[in-house]
Amino acid sequence: MTLSAQGMVNGFPSFCMITIRLSYLNKTLSRGIGTSHISHNVVAAKTVDAADVERHSKQVYDWWDPNGSMKGLHTLNFIRVPLIRDGLVSCSLNERTPLPLSNKVILDVGCGGGILTEAIARLGAKVTGVDASKELIELAKNHSSLDPKLANNTPSYECTTIEEHSSLFTDHYDAVVASEIIEHVNNKEMFIESCVKALKPGGKIFITTPNRTRLMHIFGIIIAENILKILPQGTHEYDKLITPNEVTFMLEKNNCHVQLIHGMMYDPILNKWAWCSSTLFTYALQAVKLE
């Protein structure tokens, strides 16, 4: 598989980001932040961690700031978008068209403010993003609506859970993407089962997540969050991380075949991601739903 940054688009204009942030400052101050931003059916969901949703919702103001608290997600696009693209279409097609995913229907689970959702849509895919946070879904809708490059292919967004969504859209998607989300959910087996349920037979699922290792605990949580403050404190909980073997077991249990597992490494000084042979810190996994 060839992994490159081909097809990536430059960041969103800063004046639009400022407009959105001011809009959300006004809306949120008028109603406050609390569990009210999560609908009742989302709170009751077995995979959703309400405290985690609330914590991420508070980062709505700088979600689209490439130098803000989500800057690692912005630069992660430079390796995860090509992974998804190359996993769904041939490299020869990638070279012939700027919209290689134009015939694909893709679900982005735990989409947040839409950083990955928009990047996939810019490659031509019809993308739906789902997230349990009302604030982040509102942000995603507003941000994509202001981008002229997405005028003819605006992603759709829903504040819901993967369990609820997959029950309505069973065997529907060519691909399901769960990037940097499974480490935040409560019932991982139900989460995987629901993601696979939404996939068409022959469809592919892409997962990126930190590994549950002592090195990740020391460097990715204790140092990165508590000492260097690279990530907001409490972003990750060690006990909720999951290993590649555990994800593989759950996928195989749900009639999927794992096609590849790549290690990923993040340089917080340069804010850059790179592929590596080791999965000790973070990893990406691609699997196909068997027919």
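In case you wondered, yes, glycine gets a Cβ from its N, Cα and C as well.
Some features that TrEMBL has for this protein:
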- ARG80, GLY110, ASP131, SER179: S-adenosyl-L-methionine binding site (BINDING)
- GLU180, GLU183, HIS184: Mg(2+) binding site (BINDING)
- 107-207: domain 'Methyltransferase type 11' (DOMAIN)
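Where TrEMBL records a feature, it is marked here on the structure.
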residue: ARG80; record: S-adenosyl-L-methionine binding site; CB count, 10 Å: 22
residue: GLY110; record: S-adenosyl-L-methionine binding site; CB count, 10 Å: 27
residue: ASP131; record: S-adenosyl-L-methionine binding site; CB count, 10 Å: 30
residue: SER179; record: S-adenosyl-L-methionine binding site; CB count, 10 Å: 25
residue: GLU180; record: Mg(2+) binding site; CB count, 10 Å: 21
residue: GLU183; record: Mg(2+) binding site; CB count, 10 Å: 21
residue: HIS184; record: Mg(2+) binding site; CB count, 10 Å: 21
Distance [Cα-Cα, Å, rounded] between GLY110 (S-adenosyl-L-methionine binding site) and HIS184 (Mg(2+) binding site): 9
DSSP-derived helix, strand and coil totals, residue by residue, for the domain 'Methyltransferase type 11' (107-207): 43 helix, 29 strand, 29 coil
For the domain 'Methyltransferase type 11' (107-207), the mean pLDDT of the predicted model: 98
Cα-to-Cα gap, HIS184 (Mg(2+) binding site) vs ASP131 (S-adenosyl-L-methionine binding site), nearest whole Å: 12
Separation of alpha carbons, GLU180 (Mg(2+) binding site) and ARG80 (S-adenosyl-L-methionine binding site) (Å): 11
Rounded distance in angstrom between the Cα atoms of GLU183 (Mg(2+) binding site) and ASP131 (S-adenosyl-L-methionine binding site): 14
Cβ-centroid neighbours of Mg(2+) site GLU180, GLU183, HIS184, 8 Å, sequence order: GLY110, ILE181, ILE182, VAL185, THR209, PRO210, HIS236, LYS240
Recorded S-adenosyl-L-methionine site residues ARG80, GLY110, ASP131, SER179, farthest C-alpha pair in Å: 19
